[in-house]
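Chemist: The structure is given below, and queries will be raised subsequently.
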Amino acid sequence: MATDLPYAADAEISLSWDELDVLRQQYNIELEKSHVTVQTKFNYAWGLVKSPQREHQVEGVKLLQEIYRAEPGRRRECLYYLGLGHYKMGNYDDAKKFNDLLLQKEPNNLQAASLRELIDRAVSREGYIGMAIAGGAAAVGTLLVAGLVRRAMRK
């Protein structure tokens, strides 16, 4: 998933396990006290979204969605990381939806513009792979039909 887009570095750079563990511990301490601050929740979600592990990304997106719904003042920063999280999970339609919302509010946001390019590239790449699979399936189907026709003609 390497990119030459400098503002999309979040798409590739993960926190170390120790860094993520610090965020997790802080979140769990506050959770045990039944009062998780928005900043702690956001920091933990941010770290999870940046993780290479899908289950972390899913949890990070879930936490960001909770913040997005509950804290209107934090929506702008949630939009980018929701887009990034969905991009990393391969949910390109959702990634585009969140990123486009951010670009509507901030058309000159270079981070969001870079993420849009990454999403567009991934969608194109997926389209090419889909066409190759369909073409391969058609070729195999043609060979099978040709084999059946030859077999039927020999009898």
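Count begins at 1; order follows the chain as displayed.
Positions of Cβ are set from backbone N, Cα and C atoms, glycine also.
TrEMBL entries are annotated by machine, without manual review.
Sharing the features that TrEMBL gives for it:
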REPEAT    76-109  repeat 'TPR'
TRANSMEM  128-149  transmembrane segment
Chemist: What does the DSSP secondary structure composition of the repeat 'TPR' (76-109) look like, as residue counts for helix, strand and coil?
Modeler: 28 helix, 0 strand, 6 coil
Chemist: Averaged over the whole of the repeat 'TPR' (76-109), what is the pLDDT?
Modeler: 95
